[in-house]
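In what follows, a structure is listed as structure tokens, so that the remarks can point back to it.
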Amino acid sequence: MKIRIGHGFDVHKFGGEPPLILGGVDVPYEVGLIAHSDGDVALHAISDAILGAMALGDIGKHFPDTDPEFKGADSRVLLRHCYQLATDMGFSLSNLDVTIIAQAPKMAPHIEAIRKVLAADLVADINDINVKATTTEKLGFTGRKEGIAVEAVVLMIKA
């Protein structure tokens, strides 16, 4: 059995028009995130983690923000593409752990919906998907409600 670990990190600044999409879920909030795609910072971090585990670079390499094809792109489509690259190499997801770092909005009401989206898109058991949220106790750019950061770690296995 071959095992690979991938880590992903992404940040987006508040300021775009709603909706705010996190983990494939519309989260009610007064502003969205500024981005070339739909700005789903969670799915971007997860995509990077998968690509990293497979030694395939990052989402900027696969979906450059200079390419008009990806303007406003649905990040769920990008995530599924990244996961397909891994499955084409014979790997599947063992587990995923995601940390959303945001002072606002409150994420607790949305965690289960995000887990369901991720389980569907990654063809995984929901019990292999963990999503949690934390604040920075009002410190830094997330604490000042200037944006959201997300970290993701994946464990990929090849039987």
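Any Cβ shown, glycine's included, is placed from N, Cα and C.
Record check, Swiss-Prot: divalent metal cation site residues include ASP10, HIS12, and the candidate from HIS36, HIS44 also listed there is HIS44. Comparing C-alpha positions, ASP67 (4-CDP-2-C-methyl-D-erythritol 2-phosphate binding site) sits nearest to HIS36 among the recorded positions HIS12, HIS36, HIS44, THR135. Within the same chain, residues at least 6 positions away in sequence whose Cβ sits under 8 Å from that of PHE63 (4-CDP-2-C-methyl-D-erythritol 2-phosphate binding site) are SER37, PHE70, ALA73, LEU78. Per Cα geometry, HIS44 is the residue among the recorded positions HIS36, HIS44, THR135 nearest to ASP10 (4-CDP-2-C-methyl-D-erythritol 2-phosphate binding site).
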